[in-house]
């Protein structure tokens, strides 16, 4: 099969799952459904968090940022992936590849920091309930979110500039379904120890350190929960914290496996599966996890729908 399909020499070829053409239609159908759920679910959380006054709290401020981030993350990858799966060509322009690479790094790193911020928010809510509104005041929440976004931006600029300077010796085939760093590094015809060290250092900063802070937060939360005598409050704490822990496990687990292991120790097919999981499955599951396990969100949706019905009748 001619993988170039008439694309110009400046284009990259996203191999994706072209070695398994019988699976491409199945994968494209599943990815399309996941993308629709991602759009609907995350948009719903953003709208509900802003429209319902009872959800104007730090937790839902962070959650709406997470939903916006997941919308951007999925949209930077999935539309191009579907075009390549459905169309005759597998190509992406050099500019499109650079943008996809940059936004994937930026949004992925931002989410790592944002999940750690959300864990601190849960710690303050459970362990310092009387001082929660003082600790998590709006200015602090905004600054924490800003730091997360700027941190992701900074790491993306560093890694993008270094990776794109590597000589490719005419190599144009990206052995993945989008322009991700491990696949782009494998295209290079030289080995860069500097980039490997920087990737590992940033992996510690954006993956291991936030994960450690999250685990410490939840260890303290667990101790506090064990002392709660109210069954209703105990159940409520486990409900909100359990949702966040589920997201953390799904996101950090797959990312650490991909980025903190030596690149040669992961097979390409295995890498594609894990990449598919944290780029497509996780943004879809996030709104489902938070809405299905969270009575506040479901109650808010019901209140908004009831208000719309009453306004329509009047």
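Every residue gets a Cβ built from N, Cα and C, even glycine.
These come from TrEMBL:
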DOMAIN    41-290  domain 'G-protein coupled receptors family 1 profile'
TRANSMEM  26-48  transmembrane segment
TRANSMEM  60-78  transmembrane segment
TRANSMEM  98-123  transmembrane segment
TRANSMEM  144-164  transmembrane segment
TRANSMEM  197-221  transmembrane segment
TRANSMEM  242-260  transmembrane segment
TRANSMEM  272-292  transmembrane segment
Chain residues outside the transmembrane segment (60-78) and at least six past its termini with a C-beta under 8 angstroms from it: 31, 34-35, 38-39, 41-43, 45-46, 49-50, 99-100, 103-104, 107-108, 110-111, 114-115, 117-118, 121, 141, 145, 148, 177-178, 279-280, 282-284, 286-287, 290, 296
Candidates 26-48, 98-123, 144-164; stretch with most C-beta pairs under 8 Å toward the transmembrane segment (197-221): 98-123
Stretch-averaged pLDDT - the domain 'G-protein coupled receptors family 1 profile' (41-290): 86
